[in-house]
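What Swiss-Prot says about this one:
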type: ACT_SITE; residues: S40; note: active site
type: ACT_SITE; residues: K83; note: active site
Amino acid sequence: MLRGVLGKTFRLVGYTIQYGCIAHCAFEYVGGVVMCSGPSMEPTIQNSDIVFAENLSRHFYGIQRGDIVIAKSPSDPKSNICKRVIGLEGDKILTTSPSDFFKSHSYVPMGHVWLEGDNLQNSTDSRCYGPIPYGLIRGRIFFKIWPLSDFGFLRASPNGHRFSDD
């Protein structure tokens, strides 16, 4: 009797650990559903929109300029940020101050990316904290799930490109 109960208990614990490991690998390496909060990505992503983020791109260095990514915040590692990739390592970026009076250039160092929100007037991004390490990127967002009226692939940046050629 006791042997049967212990056997069932160990099987249950084993299955729980096994499924927990499978779920962890799925969310860590494949992707998952994310709710974006804040106005920094408007109009592309509104506050409380639900999107799908895939994580394979970050593992295989498939992040490109124009991609929207989820990353660990450089100023608060407990929170995530949702921003668009403006520059990759080695790029020269045209940066502006919030008032748009002063324009300058910044270089993205090796192993880093330059992230900005689509809503430039209401976004804390690389213009404030500089380029972020590639290792902080958690995944690439490419599909909006909710609201259903916006269901589908995400559109290009409303700000156009701001790369410097000189």
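Note: Cβ is positioned from N, Cα and C throughout, glycine not excepted.
Mapped onto three states, the DSSP output places K83 (active site) in strand. The two recorded residues, K83 (active site) and S40 (active site), show a Cα separation of 8 Å.
According to DSSP, S40 (active site) sits in a coil region rather than a helix or strand. Same-chain residues at least 6 positions away in sequence with a Cβ under 8 Å from that of S40 (active site) are, in sequence order, I81, C82, K83, G117, D118, N119, N122, S123, T124, D125. Every protein chain considered, the tally of other Cβ atoms within 10 Å of the Cβ of K83 (active site) stands at 26.
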